[in-house]
Amino acid sequence: MSEKHPGPLVVEGKLSDAERMKLESNYLRGTIAEDLNDGLTGGFKGDNFLLIRFHGMYQQDDRDIRAERAAQKLEPRHAMLLRCRLPGGVITTTQWQAIDKFAADNTIYGSIRLTNRQTFQFHGILKKNVKPVHQMLHSVGLDALATANDMNRNVLCTSNPYESQLHAEAYEWAKKISEHLLPRTRAYAEIWLDQEKVATTDEEPILGATYLPRKFKTTVVIPPQNDIDLHANDMNFVAIAENGKLVGFNLLVGGGLSIEHGNKKTYARTASEFGYLPLEHTLAVAEAVVTTQRDWGNRTDRKNAKTKYTLERVGVDTFKEEVERRAGIKFEPIRPYEFTGRGDRIGWVKGIDNNWHLTLFIENGRILDYPGRPLKTGLLEIAKIHQGEFRITANQNLIIASVPESQKAKIEKLARDHGLMNAVSAQRENSMACVSFPTCPLAMAEAERFLPSFTDKVEAILEKHGIPDEHIVMRVTGCPNGCGRAMLAEIGLVGKAPGRYNLHLGGNRIGTRIPRMYQENITEPDILASLDQLIGRWAKEREAGEGFGDFTVRAGIIRPVLDPARDFWDNLNCRMASV
């Protein structure tokens, strides 16, 4: 056991109620099938409320009208969020046309939401349309299995449109990892696809009868781009190439961003380097990491159940050695790799295969027909003629991939005619928010609806200080769960209450440093006042090429988080230099 962090391999104590629920669920069936036929409520009852998450759904309601409905003695307007499993974010144009139609015909909001998990979500699916959405996805070769709850979630892969061969190889591994770590229960097929029940006992050789202690996230990343924010994830395979061909991966384990306000047992953490592995060991190593976390993760306290906490409790070396034992390998030393950025390159780029790729900026990932900007219709029209594929990025944007020279002008005209290609500032391109209100039940403050106007104000500050073409990686998340990845931003806003946020500073542009809380529970005017002063200093005092986050650390404005298990919460509201 590590001398630095000695602790038990298994946490003893009363199991959380989620563990009971999983054990009693009959491999994730529960009584979901019966609940579907209950027309007295628009939601799912009892354990089914949580069990549907294993099937890719969350039960939500419209919080904008919750109080109004309560006054009318009505239950909340329940509706489901469904998240598709889409390893690497690649979707065919045929599949896109199907999801476009479903969103228009069968959801309350009529939108498609691209997420920073490199997939799409439907919001506002009424109970009567839950089974049809799964059947629609199946009809075009998609599913929503294991995109939520205590499983390996959608596997991310760098959206690299330039080096087509390397991207293709990395993407294939993302798919293989996703398939290898899927649950084996037939519950999904039986409930949603009406497949016949088989008179055999379900087995889960990798995930186990009670699945994982907590959600688990995996990435495949191609340096020098860190577009998938590897340090937000439990398990990361960093592609190592020789002469443009993939030869193996560096493995990093134990990243994660979610915290709980005021709970100092929770913290954001960057992933730890384990070592290098040749390609042929990839699936064995992935399985070994997952099963080690399955067996050693904390099942008594879900707030302390993620892989990052397991590593801190047992020690990185102990966890790594167990992975080696289970996989039957010894990691080689980490091979050199470097990240230089994580934003998407908006506009056209030409790949080495001579095909063109058009990256479209989709603010907050929300695809809808807005007045004067019919984005959803535009993408549908492109999907009808495009013979390549679409790629959803981890920055909530969309790539029209593999466009031949002969189609380039036609696709660009469609994009421009529908408001999909507009001049966008570097600051807006590098700003992102989670959904939050009105649909997320965990939301404490606005995020998606807040960010566009807030970005306008930050742009005005940059203009005021003579640096309008600069950018700061900025993220807003409506609660401390961290879906907006604010804990890897240069400016991170974390919702605390309606209209109030914690302001975190000191991350960097490449996403390898956790920002520290600078001010707590403050309003938008307070945030903007602080940013005005700090950005003014950055504009005058920065070194050549120095990003805002690096400047705040170098200038002593914020102390960097060096060892989050011990110093993430240190010196709240600390201002080490006058601003």
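Every residue, even glycine, has its Cβ placed from backbone N, Cα and C.
Annotated features in Swiss-Prot:
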type	residues	note
BINDING	CYS434, CYS440, CYS479, CYS483	[4Fe-4S] cluster binding site
BINDING	CYS483	siroheme binding site
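Feature annotations (Swiss-Prot) mapped to structure.
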| residue | record | DSSP (3 states) |
| --- | --- | --- |
| CYS434 | [4Fe-4S] cluster binding site | coil |
| CYS440 | [4Fe-4S] cluster binding site | coil |
| CYS479 | [4Fe-4S] cluster binding site | coil |
With every protein chain in view, what's the tally of Cβ atoms within 10 Å of the Cβ of CYS440 ([4Fe-4S] cluster binding site), excluding that atom itself?
22
Among all chains shown, work out which of the binding-site residues CYS434, CYS479, CYS483 has the most CB atoms within 10 A of its CB.
CYS434
Give me the sequence-ordered set of same-chain residues, not including CYS434, CYS440, CYS479, CYS483, with a C-beta within 8 angstroms of the centroid of the [4Fe-4S] cluster site's C-beta atoms.
VAL435, SER436, LEU442, ALA443, ALA447, THR477, GLY478, ASN481, GLY482, GLY484, GLY495
